[in-house]
Amino acid sequence: MRINPTTSGSGVSTLEKKNPGRVVQIIGPVLDVAFPPGKMPNIYNALVVQGRDSVGQPINVACEVQQLLGNNRVRAVAMSATEGLTRGMEVIDTGAPISVPVGGATLGRIFNVLGEPVDNLGPVDTSTTSPIHRSAPAFIQLDTKLSIFETGIKVVDLLAPYRRGGKIGLFGGAGVGKTVLIMELINNIAKAHGGVSVFGGVGERTREGNDLYMEMKESGVINEENIAESKVALVYGQMNEPPGARMRVGLTALTMAEYFRDVNEQDVLLFIDNIFRFVQAGSEVSALLGRMPSAVGYQPTLSTEMGSLQERITSTKEGSITSIQAVYVPADDLTDPAPATTFAHLDATTVLSRGLAAKGIYPAVDPLDSTSTMLQPRIVGEEHYETAQRVKQTLQRYKELQDIIAILGLDELSEEDRLLVARARKIERFLSQPFFVAEVFTGSPGKYVGLAETIRGFQLILSGELDGLPEQAFYLVGNIDEATAKAMNLEMESNLKK
(Lines of atoms letter the chains of each structure in order from A and count residues from 1; the text may use other names and numbers.)
(Lines give C-alpha, C1' and ligand atoms only; values in the text may rest on other atoms or scores of the structure.)
Protein backbone atom coordinates (compact mmCIF):
# COMPACT_ATOMS: atom_id res chain seq x y z
CA MET A 1 0.00 0.00 0.00
CA ARG A 2 1.23 3.48 -0.82
CA ILE A 3 1.04 5.17 2.58
CA ASN A 4 0.75 8.66 1.12
CA PRO A 5 -0.30 9.26 -2.48
CA THR A 6 1.64 12.55 -2.65
CA THR A 7 5.00 10.98 -1.87
CA SER A 8 7.06 8.32 -3.61
CA GLY A 9 7.64 4.95 -2.00
CA SER A 10 6.10 4.31 1.38
CA GLY A 11 7.16 7.55 3.05
CA VAL A 12 4.88 9.76 5.12
CA SER A 13 5.00 13.49 4.51
CA THR A 14 6.14 15.79 7.34
CA LEU A 15 2.84 17.69 7.08
CA GLU A 16 0.91 14.61 8.20
CA LYS A 17 3.29 13.92 11.08
CA LYS A 18 2.39 17.30 12.61
CA ASN A 19 -1.19 16.13 13.27
CA PRO A 20 -1.06 12.45 14.18
CA GLY A 21 -3.90 10.72 15.98
CA ARG A 22 -3.64 8.48 19.03
CA VAL A 23 -5.10 5.05 19.75
CA VAL A 24 -7.65 5.37 22.58
CA GLN A 25 -9.30 1.92 22.51
CA ILE A 26 -8.54 -1.52 21.04
CA ILE A 27 -11.15 -4.31 20.91
CA GLY A 28 -9.77 -7.19 18.82
CA PRO A 29 -9.33 -5.95 15.24
CA VAL A 30 -11.30 -2.72 15.93
CA LEU A 31 -9.50 0.47 16.99
CA ASP A 32 -10.82 3.82 18.22
CA VAL A 33 -8.52 6.71 17.32
CA ALA A 34 -8.64 10.33 18.54
CA PHE A 35 -7.50 13.13 16.20
CA PRO A 36 -6.90 16.86 16.80
CA PRO A 37 -9.99 19.07 16.18
CA GLY A 38 -10.50 19.81 12.48
CA LYS A 39 -8.14 17.02 11.38
CA MET A 40 -10.63 14.14 11.16
CA PRO A 41 -10.06 11.54 8.40
CA ASN A 42 -12.80 10.61 5.93
CA ILE A 43 -14.70 7.31 5.89
CA TYR A 44 -12.60 4.57 4.14
CA ASN A 45 -9.34 6.53 4.62
CA ALA A 46 -6.34 4.33 5.38
CA LEU A 47 -4.69 4.88 8.76
CA VAL A 48 -1.28 3.56 9.79
CA VAL A 49 -0.45 2.73 13.42
CA GLN A 50 3.26 3.12 14.07
CA GLY A 51 5.30 2.29 17.17
CA ARG A 52 7.08 -0.53 18.96
CA ASP A 53 5.69 -3.46 20.91
CA SER A 54 6.75 -4.54 24.42
CA VAL A 55 9.89 -6.30 23.13
CA GLY A 56 10.96 -3.40 20.92
CA GLN A 57 9.81 -4.81 17.57
CA PRO A 58 8.51 -2.16 15.12
CA ILE A 59 4.75 -2.13 14.48
CA ASN A 60 3.17 -0.94 11.24
CA VAL A 61 -0.55 -1.81 11.12
CA ALA A 62 -2.84 -0.47 8.39
CA CYS A 63 -6.49 0.21 9.27
CA GLU A 64 -9.55 1.51 7.43
CA VAL A 65 -11.90 4.13 8.88
CA GLN A 66 -15.44 2.73 9.19
CA GLN A 67 -17.25 5.13 11.53
CA LEU A 68 -16.94 8.76 12.72
CA LEU A 69 -17.98 8.62 16.39
CA GLY A 70 -17.97 12.29 17.39
CA ASN A 71 -15.69 13.99 19.95
CA ASN A 72 -12.93 13.85 17.30
CA ARG A 73 -12.83 10.05 17.42
CA VAL A 74 -13.06 7.52 14.61
CA ARG A 75 -13.51 3.74 14.62
CA ALA A 76 -11.30 1.75 12.24
CA VAL A 77 -10.86 -1.91 11.33
CA ALA A 78 -7.33 -3.35 11.18
CA MET A 79 -6.09 -5.12 8.03
CA SER A 80 -3.55 -7.21 9.95
CA ALA A 81 -3.12 -8.63 13.45
CA THR A 82 -3.38 -6.12 16.32
CA GLU A 83 -1.13 -8.00 18.78
CA GLY A 84 1.32 -5.61 20.43
CA LEU A 85 -0.77 -2.47 19.89
CA THR A 86 -1.27 -0.29 22.97
CA ARG A 87 -3.31 2.80 23.81
CA GLY A 88 -1.50 6.03 23.05
CA MET A 89 0.30 4.75 19.94
CA GLU A 90 0.71 7.21 17.08
CA VAL A 91 -1.71 6.91 14.14
CA ILE A 92 -1.14 8.64 10.79
CA ASP A 93 -3.98 9.50 8.41
CA THR A 94 -2.77 8.80 4.84
CA GLY A 95 -5.47 11.09 3.43
CA ALA A 96 -6.71 8.49 0.94
CA PRO A 97 -8.20 4.97 0.80
CA ILE A 98 -5.97 1.88 0.61
CA SER A 99 -4.17 2.03 -2.76
CA VAL A 100 -2.69 -1.00 -4.51
CA PRO A 101 -0.30 -1.47 -7.47
CA VAL A 102 -1.95 -2.03 -10.86
CA GLY A 103 -0.84 -2.85 -14.41
CA GLY A 104 1.32 -5.46 -16.12
CA ALA A 105 3.83 -5.57 -13.24
CA THR A 106 1.22 -7.35 -11.09
CA LEU A 107 1.09 -10.43 -13.37
CA GLY A 108 2.71 -13.55 -11.95
CA ARG A 109 2.85 -12.07 -8.44
CA ILE A 110 0.97 -12.77 -5.18
CA PHE A 111 -0.36 -9.84 -3.14
CA ASN A 112 -2.10 -9.30 0.17
CA VAL A 113 -5.05 -6.97 0.76
CA LEU A 114 -2.74 -3.91 0.91
CA GLY A 115 -1.16 -4.72 -2.46
CA GLU A 116 2.12 -5.79 -0.83
CA PRO A 117 3.86 -8.73 -2.59
CA VAL A 118 4.04 -11.84 -0.38
CA ASP A 119 5.90 -14.18 -2.76
CA ASN A 120 9.50 -13.23 -1.79
CA LEU A 121 10.23 -12.05 -5.35
CA GLY A 122 11.11 -8.50 -4.36
CA PRO A 123 9.16 -5.23 -4.78
CA VAL A 124 6.65 -4.67 -7.59
CA ASP A 125 8.18 -2.73 -10.46
CA THR A 126 5.47 -0.09 -10.90
CA SER A 127 4.65 3.39 -9.63
CA THR A 128 1.02 3.15 -10.80
CA THR A 129 -1.47 2.61 -7.98
CA SER A 130 -5.23 2.81 -7.65
CA PRO A 131 -7.57 3.16 -4.63
CA ILE A 132 -9.67 0.09 -3.83
CA HIS A 133 -12.83 2.17 -3.25
CA ARG A 134 -14.35 3.70 -6.37
CA SER A 135 -17.74 4.05 -8.01
CA ALA A 136 -19.15 1.56 -10.50
CA PRO A 137 -18.98 2.73 -14.16
CA ALA A 138 -21.74 5.20 -15.08
CA PHE A 139 -24.61 3.83 -17.17
CA ILE A 140 -23.47 5.83 -20.21
CA GLN A 141 -20.07 4.03 -20.08
CA LEU A 142 -21.59 0.55 -20.09
CA ASP A 143 -21.58 -1.71 -23.12
CA THR A 144 -25.19 -2.88 -23.26
CA LYS A 145 -24.72 -5.30 -26.17
CA LEU A 146 -25.40 -8.89 -25.15
CA SER A 147 -22.51 -10.97 -26.44
CA ILE A 148 -21.28 -14.48 -25.70
CA PHE A 149 -17.90 -14.87 -24.05
CA GLU A 150 -16.42 -17.83 -25.93
CA THR A 151 -14.32 -20.04 -23.66
CA GLY A 152 -13.34 -22.80 -26.11
CA ILE A 153 -14.84 -25.35 -23.67
CA LYS A 154 -17.62 -27.25 -25.45
CA VAL A 155 -19.96 -27.97 -22.55
CA VAL A 156 -19.86 -24.35 -21.34
CA ASP A 157 -20.20 -22.66 -24.74
CA LEU A 158 -23.07 -24.89 -25.89
CA LEU A 159 -25.24 -25.43 -22.81
CA ALA A 160 -24.51 -22.63 -20.31
CA PRO A 161 -22.70 -19.87 -22.25
CA TYR A 162 -20.99 -17.06 -20.36
CA ARG A 163 -21.90 -13.45 -20.96
CA ARG A 164 -19.10 -11.03 -21.83
CA GLY A 165 -18.87 -8.87 -18.73
CA GLY A 166 -21.19 -11.21 -16.84
CA LYS A 167 -20.99 -13.04 -13.55
CA ILE A 168 -20.90 -16.82 -13.26
CA GLY A 169 -21.39 -18.91 -10.13
CA LEU A 170 -19.19 -22.02 -9.90
CA PHE A 171 -20.63 -24.75 -7.69
CA GLY A 172 -18.50 -27.78 -6.90
CA GLY A 173 -17.12 -29.80 -4.02
CA ALA A 174 -13.54 -30.90 -3.44
CA GLY A 175 -11.78 -32.96 -6.10
CA VAL A 176 -14.19 -32.52 -9.02
CA GLY A 177 -11.88 -30.35 -11.13
CA LYS A 178 -12.79 -26.80 -10.08
CA THR A 179 -9.16 -25.64 -9.97
CA VAL A 180 -8.32 -27.21 -13.35
CA LEU A 181 -11.40 -25.57 -14.93
CA ILE A 182 -10.35 -22.20 -13.49
CA MET A 183 -6.80 -22.61 -14.84
CA GLU A 184 -8.07 -23.65 -18.30
CA LEU A 185 -10.28 -20.55 -18.46
CA ILE A 186 -7.27 -18.39 -17.49
CA ASN A 187 -5.20 -20.07 -20.22
CA ASN A 188 -7.90 -19.80 -22.92
CA ILE A 189 -8.72 -16.14 -22.33
CA ALA A 190 -5.02 -15.31 -22.67
CA LYS A 191 -4.74 -17.20 -26.00
CA ALA A 192 -8.08 -16.43 -27.65
CA HIS A 193 -8.83 -12.94 -26.32
CA GLY A 194 -5.33 -11.64 -25.50
CA GLY A 195 -6.73 -11.08 -22.02
CA VAL A 196 -5.41 -11.51 -18.52
CA SER A 197 -6.87 -12.84 -15.28
CA VAL A 198 -6.94 -11.83 -11.64
CA PHE A 199 -7.54 -14.44 -8.92
CA GLY A 200 -8.95 -13.23 -5.60
CA GLY A 201 -8.60 -15.79 -2.82
CA VAL A 202 -11.16 -14.51 -0.31
CA GLY A 203 -10.98 -16.36 3.01
CA GLU A 204 -9.69 -19.58 1.46
CA ARG A 205 -7.29 -22.10 2.99
CA THR A 206 -3.60 -21.16 2.84
CA ARG A 207 -2.80 -24.70 1.62
CA GLU A 208 -5.26 -24.37 -1.29
CA GLY A 209 -3.80 -21.00 -2.24
CA ASN A 210 -0.30 -22.49 -2.26
CA ASP A 211 -1.49 -25.53 -4.28
CA LEU A 212 -3.09 -23.24 -6.88
CA TYR A 213 0.11 -21.19 -7.18
CA MET A 214 2.24 -24.34 -7.64
CA GLU A 215 -0.17 -25.79 -10.23
CA MET A 216 -0.19 -22.51 -12.15
CA LYS A 217 3.61 -22.54 -12.29
CA GLU A 218 3.59 -26.20 -13.38
CA SER A 219 1.06 -25.59 -16.17
CA GLY A 220 2.74 -22.41 -17.46
CA VAL A 221 -0.05 -19.98 -16.48
CA ILE A 222 2.64 -18.35 -14.31
CA ASN A 223 5.96 -18.19 -16.19
CA GLU A 224 8.81 -18.53 -13.69
CA GLU A 225 11.57 -17.84 -16.26
CA ASN A 226 9.97 -14.61 -17.50
CA ILE A 227 7.45 -13.42 -14.91
CA ALA A 228 6.20 -10.65 -17.26
CA GLU A 229 4.77 -13.29 -19.61
CA SER A 230 2.49 -14.67 -16.88
CA LYS A 231 -1.27 -14.53 -17.48
CA VAL A 232 -2.59 -14.02 -13.95
CA ALA A 233 -2.20 -11.87 -10.83
CA LEU A 234 -3.04 -13.47 -7.46
CA VAL A 235 -4.48 -11.65 -4.44
CA TYR A 236 -4.88 -13.65 -1.23
CA GLY A 237 -6.62 -12.98 2.07
CA GLN A 238 -6.63 -16.36 3.81
CA MET A 239 -8.85 -17.80 6.53
CA ASN A 240 -6.39 -16.91 9.29
CA GLU A 241 -6.39 -13.19 8.45
CA PRO A 242 -8.47 -10.62 10.39
CA PRO A 243 -12.02 -10.02 9.07
CA GLY A 244 -11.04 -6.57 7.76
CA ALA A 245 -8.51 -8.12 5.36
CA ARG A 246 -10.96 -10.81 4.18
CA MET A 247 -13.67 -8.19 3.64
CA ARG A 248 -11.45 -5.97 1.47
CA VAL A 249 -9.28 -8.48 -0.46
CA GLY A 250 -12.03 -8.92 -3.08
CA LEU A 251 -11.91 -5.16 -3.75
CA THR A 252 -8.11 -5.30 -4.11
CA ALA A 253 -8.40 -8.01 -6.80
CA LEU A 254 -11.24 -6.11 -8.51
CA THR A 255 -9.20 -2.88 -8.57
CA MET A 256 -6.35 -4.67 -10.39
CA ALA A 257 -8.86 -6.13 -12.88
CA GLU A 258 -10.47 -2.71 -13.48
CA TYR A 259 -7.12 -1.23 -14.55
CA PHE A 260 -6.66 -3.93 -17.22
CA ARG A 261 -10.22 -3.22 -18.45
CA ASP A 262 -10.22 0.59 -18.37
CA VAL A 263 -6.62 1.53 -19.19
CA ASN A 264 -5.27 -1.47 -21.13
CA GLU A 265 -8.71 -2.02 -22.76
CA GLN A 266 -8.54 -5.79 -22.31
CA ASP A 267 -11.03 -8.57 -21.60
CA VAL A 268 -10.33 -9.67 -18.04
CA LEU A 269 -11.34 -12.76 -16.08
CA LEU A 270 -11.84 -12.15 -12.36
CA PHE A 271 -12.01 -15.23 -10.13
CA ILE A 272 -13.36 -14.89 -6.60
CA ASP A 273 -12.99 -17.92 -4.34
CA ASN A 274 -15.12 -17.77 -2.26
CA ILE A 275 -17.79 -15.06 -2.49
CA PHE A 276 -19.47 -16.44 0.65
CA ARG A 277 -16.32 -15.64 2.68
CA PHE A 278 -16.64 -11.99 1.58
CA VAL A 279 -20.14 -11.91 3.11
CA GLN A 280 -18.96 -13.81 6.20
CA ALA A 281 -16.12 -11.32 6.83
CA GLY A 282 -18.55 -8.41 6.40
CA SER A 283 -20.81 -10.03 8.99
CA GLU A 284 -17.92 -10.28 11.49
CA VAL A 285 -16.91 -6.65 10.95
CA SER A 286 -20.53 -5.49 11.28
CA ALA A 287 -20.85 -7.23 14.66
CA LEU A 288 -17.51 -5.79 15.86
CA LEU A 289 -18.71 -2.29 14.92
CA GLY A 290 -21.83 -2.81 17.04
CA ARG A 291 -24.44 -2.85 14.27
CA MET A 292 -27.75 -4.62 14.88
CA PRO A 293 -27.67 -7.99 13.04
CA SER A 294 -30.23 -8.76 10.34
CA ALA A 295 -31.71 -12.11 9.19
CA VAL A 296 -29.74 -15.23 10.30
CA GLY A 297 -27.20 -12.95 12.01
CA TYR A 298 -25.93 -11.34 8.80
CA GLN A 299 -25.04 -7.65 8.55
CA PRO A 300 -27.94 -5.25 7.82
CA THR A 301 -25.89 -3.84 4.91
CA LEU A 302 -25.53 -7.24 3.15
CA SER A 303 -27.29 -6.23 -0.10
CA THR A 304 -25.46 -2.89 -0.26
CA GLU A 305 -22.01 -4.46 0.25
CA MET A 306 -22.68 -7.19 -2.31
CA GLY A 307 -24.08 -4.67 -4.80
CA SER A 308 -21.12 -2.28 -4.47
CA LEU A 309 -18.73 -5.15 -5.36
CA GLN A 310 -20.84 -6.77 -8.09
CA GLU A 311 -21.84 -3.55 -9.89
CA ARG A 312 -18.17 -2.76 -10.56
CA ILE A 313 -17.86 -6.09 -12.41
CA THR A 314 -19.22 -5.21 -15.85
CA SER A 315 -18.52 -4.48 -19.53
CA THR A 316 -17.66 -0.96 -20.61
CA LYS A 317 -16.97 0.42 -24.08
CA GLU A 318 -13.22 -0.10 -23.38
CA GLY A 319 -13.20 -3.74 -22.23
CA SER A 320 -14.90 -6.23 -19.96
CA ILE A 321 -14.54 -7.97 -16.62
CA THR A 322 -16.12 -11.41 -16.66
CA SER A 323 -16.27 -12.80 -13.15
CA ILE A 324 -16.35 -16.44 -12.09
CA GLN A 325 -17.25 -16.80 -8.44
CA ALA A 326 -17.12 -19.95 -6.35
CA VAL A 327 -20.24 -20.04 -4.20
CA TYR A 328 -20.36 -21.95 -0.91
CA VAL A 329 -23.92 -22.73 0.16
CA PRO A 330 -24.14 -23.08 3.98
CA ALA A 331 -25.83 -26.37 4.94
CA ASP A 332 -26.97 -26.67 1.29
CA ASP A 333 -29.66 -24.06 2.06
CA LEU A 334 -30.16 -21.99 -1.09
CA THR A 335 -32.49 -19.64 0.82
CA ASP A 336 -29.69 -18.56 3.19
CA PRO A 337 -29.27 -14.75 2.79
CA ALA A 338 -25.62 -15.02 1.64
CA PRO A 339 -26.11 -17.28 -1.45
CA ALA A 340 -29.59 -15.84 -2.09
CA THR A 341 -28.11 -12.32 -2.37
CA THR A 342 -25.35 -13.64 -4.65
CA PHE A 343 -27.80 -15.41 -7.00
CA ALA A 344 -29.51 -12.11 -7.79
CA HIS A 345 -26.30 -10.94 -9.52
CA LEU A 346 -25.41 -14.12 -11.49
CA ASP A 347 -25.91 -14.49 -15.26
CA ALA A 348 -24.95 -18.18 -15.39
CA THR A 349 -24.27 -21.12 -13.09
CA THR A 350 -21.71 -23.86 -13.79
CA VAL A 351 -22.35 -26.92 -11.62
CA LEU A 352 -19.62 -29.56 -11.31
CA SER A 353 -20.86 -33.12 -10.77
CA ARG A 354 -19.08 -35.74 -8.68
CA GLY A 355 -20.89 -38.46 -10.67
CA LEU A 356 -19.37 -37.28 -13.96
CA ALA A 357 -15.92 -36.94 -12.35
CA ALA A 358 -16.25 -40.55 -11.12
CA LYS A 359 -16.94 -41.63 -14.72
CA GLY A 360 -13.74 -39.86 -15.81
CA ILE A 361 -15.61 -37.25 -17.85
CA TYR A 362 -13.70 -33.98 -17.53
CA PRO A 363 -14.59 -31.14 -17.32
CA ALA A 364 -17.21 -32.62 -14.97
CA VAL A 365 -19.77 -29.89 -15.73
CA ASP A 366 -23.33 -31.13 -15.18
CA PRO A 367 -25.11 -30.35 -18.48
CA LEU A 368 -28.61 -30.50 -16.93
CA ASP A 369 -27.97 -28.52 -13.72
CA SER A 370 -25.89 -25.72 -15.28
CA THR A 371 -27.90 -22.71 -16.46
CA SER A 372 -27.41 -19.42 -18.31
CA THR A 373 -29.58 -16.39 -19.03
CA MET A 374 -27.77 -16.13 -22.38
CA LEU A 375 -29.28 -19.34 -23.78
CA GLN A 376 -32.09 -17.58 -25.68
CA PRO A 377 -32.73 -17.71 -29.46
CA ARG A 378 -32.54 -13.90 -29.83
CA ILE A 379 -29.04 -13.86 -28.26
CA VAL A 380 -27.33 -17.07 -29.40
CA GLY A 381 -29.39 -17.67 -32.56
CA GLU A 382 -31.94 -20.35 -33.45
CA GLU A 383 -29.35 -22.96 -34.52
CA HIS A 384 -27.38 -22.81 -31.26
CA TYR A 385 -30.55 -22.73 -29.12
CA GLU A 386 -32.21 -25.67 -30.90
CA THR A 387 -29.03 -27.78 -30.72
CA ALA A 388 -28.59 -27.06 -26.99
CA GLN A 389 -32.24 -27.90 -26.24
CA ARG A 390 -32.07 -31.19 -28.17
CA VAL A 391 -28.85 -32.15 -26.36
CA LYS A 392 -30.51 -31.45 -23.00
CA GLN A 393 -33.67 -33.38 -23.96
CA THR A 394 -31.59 -36.39 -25.06
CA LEU A 395 -29.55 -36.38 -21.83
CA GLN A 396 -32.70 -35.91 -19.70
CA ARG A 397 -34.42 -38.88 -21.37
CA TYR A 398 -31.27 -40.99 -20.85
CA LYS A 399 -31.32 -40.03 -17.16
CA GLU A 400 -34.98 -41.13 -16.89
CA LEU A 401 -34.19 -44.48 -18.57
CA GLN A 402 -31.20 -45.30 -16.35
CA ASP A 403 -33.33 -46.93 -13.61
CA ILE A 404 -35.05 -49.17 -16.19
CA ILE A 405 -31.67 -50.09 -17.72
CA ALA A 406 -30.25 -50.91 -14.24
CA ILE A 407 -33.18 -53.24 -13.40
CA LEU A 408 -34.19 -54.80 -16.73
CA GLY A 409 -31.16 -54.20 -18.95
CA LEU A 410 -30.71 -52.35 -22.24
CA ASP A 411 -32.39 -55.11 -24.30
CA GLU A 412 -35.80 -54.43 -22.72
CA LEU A 413 -35.92 -50.91 -24.19
CA SER A 414 -37.71 -50.09 -27.43
CA GLU A 415 -35.63 -49.68 -30.60
CA GLU A 416 -36.15 -45.90 -30.44
CA ASP A 417 -34.99 -45.67 -26.81
CA ARG A 418 -31.95 -47.88 -27.48
CA LEU A 419 -30.91 -45.49 -30.27
CA LEU A 420 -31.49 -42.49 -27.99
CA VAL A 421 -29.35 -44.05 -25.23
CA ALA A 422 -26.51 -44.73 -27.69
CA ARG A 423 -26.58 -41.10 -28.88
CA ALA A 424 -26.83 -39.78 -25.30
CA ARG A 425 -23.73 -41.77 -24.30
CA LYS A 426 -21.86 -40.32 -27.30
CA ILE A 427 -23.00 -36.80 -26.36
CA GLU A 428 -21.91 -37.35 -22.74
CA ARG A 429 -18.44 -38.40 -23.89
CA PHE A 430 -18.22 -35.65 -26.53
CA LEU A 431 -18.86 -33.09 -23.77
CA SER A 432 -15.47 -34.12 -22.34
CA GLN A 433 -12.38 -32.35 -23.64
CA PRO A 434 -8.58 -32.46 -23.19
CA PHE A 435 -7.31 -29.32 -21.42
CA PHE A 436 -4.12 -27.38 -22.17
CA VAL A 437 -3.29 -27.02 -18.47
CA ALA A 438 -3.72 -30.79 -17.92
CA GLU A 439 -1.23 -31.74 -20.70
CA VAL A 440 1.54 -32.25 -18.14
CA PHE A 441 -0.62 -34.83 -16.31
CA THR A 442 -2.46 -36.57 -19.18
CA GLY A 443 0.06 -36.41 -22.02
CA SER A 444 -2.80 -35.44 -24.40
CA PRO A 445 -2.54 -32.08 -26.18
CA GLY A 446 -5.20 -29.54 -25.12
CA LYS A 447 -7.97 -28.46 -27.50
CA TYR A 448 -9.72 -25.12 -27.96
CA VAL A 449 -13.01 -25.71 -29.80
CA GLY A 450 -14.77 -22.76 -31.44
CA LEU A 451 -18.53 -22.36 -30.94
CA ALA A 452 -19.39 -23.08 -34.61
CA GLU A 453 -17.39 -26.34 -34.48
CA THR A 454 -19.08 -27.31 -31.20
CA ILE A 455 -22.59 -26.81 -32.65
CA ARG A 456 -21.69 -28.72 -35.84
CA GLY A 457 -20.38 -31.68 -33.83
CA PHE A 458 -23.49 -32.08 -31.69
CA GLN A 459 -25.78 -31.64 -34.72
CA LEU A 460 -24.02 -34.56 -36.45
CA ILE A 461 -24.46 -36.80 -33.39
CA LEU A 462 -28.15 -35.86 -32.99
CA SER A 463 -28.88 -36.36 -36.71
CA GLY A 464 -27.70 -39.98 -36.53
CA GLU A 465 -24.91 -39.56 -39.10
CA LEU A 466 -22.38 -40.91 -36.59
CA ASP A 467 -24.47 -43.78 -35.17
CA GLY A 468 -22.00 -46.30 -36.58
CA LEU A 469 -19.00 -44.95 -34.63
CA PRO A 470 -18.02 -46.48 -31.26
CA GLU A 471 -18.76 -44.26 -28.24
CA GLN A 472 -15.13 -44.32 -27.03
CA ALA A 473 -14.19 -42.39 -30.19
CA PHE A 474 -15.97 -39.34 -28.73
CA TYR A 475 -14.12 -39.41 -25.39
CA LEU A 476 -11.58 -36.63 -24.71
CA VAL A 477 -11.40 -35.20 -28.24
CA GLY A 478 -11.69 -31.64 -29.56
CA ASN A 479 -13.98 -31.20 -32.58
CA ILE A 480 -16.06 -33.87 -34.34
CA ASP A 481 -13.44 -34.46 -37.06
CA GLU A 482 -11.05 -35.71 -34.36
CA ALA A 483 -13.75 -38.12 -33.17
CA THR A 484 -14.17 -39.63 -36.67
CA ALA A 485 -10.37 -39.88 -37.04
CA LYS A 486 -10.16 -41.58 -33.63
CA ALA A 487 -12.89 -44.04 -34.69
CA MET A 488 -10.86 -44.99 -37.79
CA ASN A 489 -7.75 -45.51 -35.63
CA LEU A 490 -9.73 -47.69 -33.21
CA GLU A 491 -11.04 -49.77 -36.13
CA MET A 492 -7.52 -50.20 -37.55
CA GLU A 493 -6.21 -51.25 -34.12
CA SER A 494 -8.98 -53.83 -33.70
CA ASN A 495 -8.32 -55.19 -37.23
CA LEU A 496 -4.61 -55.55 -36.46
CA LYS A 497 -5.40 -57.47 -33.27
CA LYS A 498 -7.51 -59.91 -35.30
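In case you wondered, yes, glycine gets a Cβ from its N, Cα and C as well.
Marked as ATP binding site by Swiss-Prot on the basis of sequence analysis: Gly172, Gly173, Ala174, Gly175, Val176, Gly177, Lys178, Thr179. The number of other CB atoms found within 10 A of the CB of Gly177 (ATP binding site), across every protein chain shown, is 20. Under the three-state DSSP scheme, Gly177 (ATP binding site) falls in the coil class.
In the structure shown, the C-beta of Gly172 has more C-beta neighbours within 10 angstroms than that of any other entry among the binding-site residues Gly172, Gly175.
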